[in-house]
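So the structure is just underneath, and the comments pick up after that.
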Amino acid sequence: NSSSVKEFILLGLSENQGVQKIYFVVFLLLYMLTVAGNLLIVLTVRYSRHLNTPMYVFLCHLSFVDVCYSSVTAPQMISGFLVEHNTISFAGCIGQLFGLHFFGCTEIFILTAMAYDRYVAICRPLHYPALMSRRLCGRLVGGSWAGGFLHSTLQTLPTALLPFCGPNKVAHFFCDVRPLLRLACADTHAAGLAAVANSGLISLSCFLILVASYVVILVSLRGKTPAGWHKALSTCGSHVTMVILFFGPCTFVYIRPSGDLSEDRSVAVFYTLIVPMLNPLIYTLRNGEVKGAMRKLCRR
């Protein structure tokens, strides 16, 4: 690497010292809730015998990914509120970039696999055990992790190989492709387009697959009883909520042309911390089985 920059300074969310102390308390609390809530779901699914269906296997992986995803950015950001210069080494910065895209993309693929699971459960209920076998479920989960790894490698390598010779102030609270491309001492036009194409295409194509699957589900519900509608929509409601909350901000940040990075920062807080925190709430509040299993686990 021809980089002469050994470390970067992350500018964070605010320059104001007083505001930073408030942020420290708020974000530390959010992060602790995120980790505790998602780990509780992972433990509940792992140790409850009747939660071993594909839907809950996906949910368990989704919660684990959320813990990892928020842990890539939050601890660095939170500790940064207490120091004057929040520095990160070059290797740490590239590692953060890799982790962010690895877990973010894995989450997108798992959400897409969950849509297929819901489609089979609602539209082909009699064939569900055959179509959604443990083996296929394992393959979909494995494929999601492998796809996330491939996407992240393609996203990180071109950025890591760029020359950085100063300035070293990253206009963000974590290392992402866009703010880093602005600091490179080379023409980054092609790298920028590739990054947008890579992240943007994955977000958009998975989002379209999800929308299509829900259109098919809704069409298949024509002529069903109100009870049938209610059951189908209650199993899909939490998934649709997660998809909108996660894909909306991601698509906004990665597909639009590079403009004001301060907008990206506020949106990034939403999808790196707030959405992973909401995931356990969305899935447990709408799901009696998970709530019951959690109570049993807590009693044990």
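Glycine too: its Cβ is placed from the backbone N, Cα and C atoms.
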Notebook entry, point to check: With the ranges 136-154, 155-173 to choose from, which does TrEMBL describe as transmembrane segment?
Noted result: 136-154
Checklist line | Tertiary contacts of the transmembrane segment (267-285), as residues 6+ beyond its ends and Cβ separation under 8 Å | finding: 13, 27, 30-31, 33-34, 37-38, 40-41, 59, 62-63, 66-67, 69-70, 72-74, 100, 104, 172-174, 176, 238, 241-242, 245-246, 249-250, 252-253, 291, 294
Item checked: Same-chain residues at least 6 beyond the ends of the transmembrane segment (136-154) whose Cβ lies under 8 Å from its Cβ atoms -> 54, 57-58, 61, 98-99, 101-110, 112-113, 116-117, 198-199, 202
Item checked: Among the ranges 22-43, 94-116, 201-221, the one whose Cβ pairs under 8 Å to the transmembrane segment (55-74) are most numerous -> 94-116
Next item on the list: Would you mind listing the long-range same-chain contacts of the transmembrane segment (233-255), meaning Cβ under 8 Å and 6+ residues beyond its ends?
Entry: 55, 62, 104, 107-108, 111, 114-115, 118, 121-122, 178, 195-196, 199-200, 203-204, 206-207, 210, 214, 217, 264, 267-268, 270-271, 275, 278-279, 282-283, 286-287
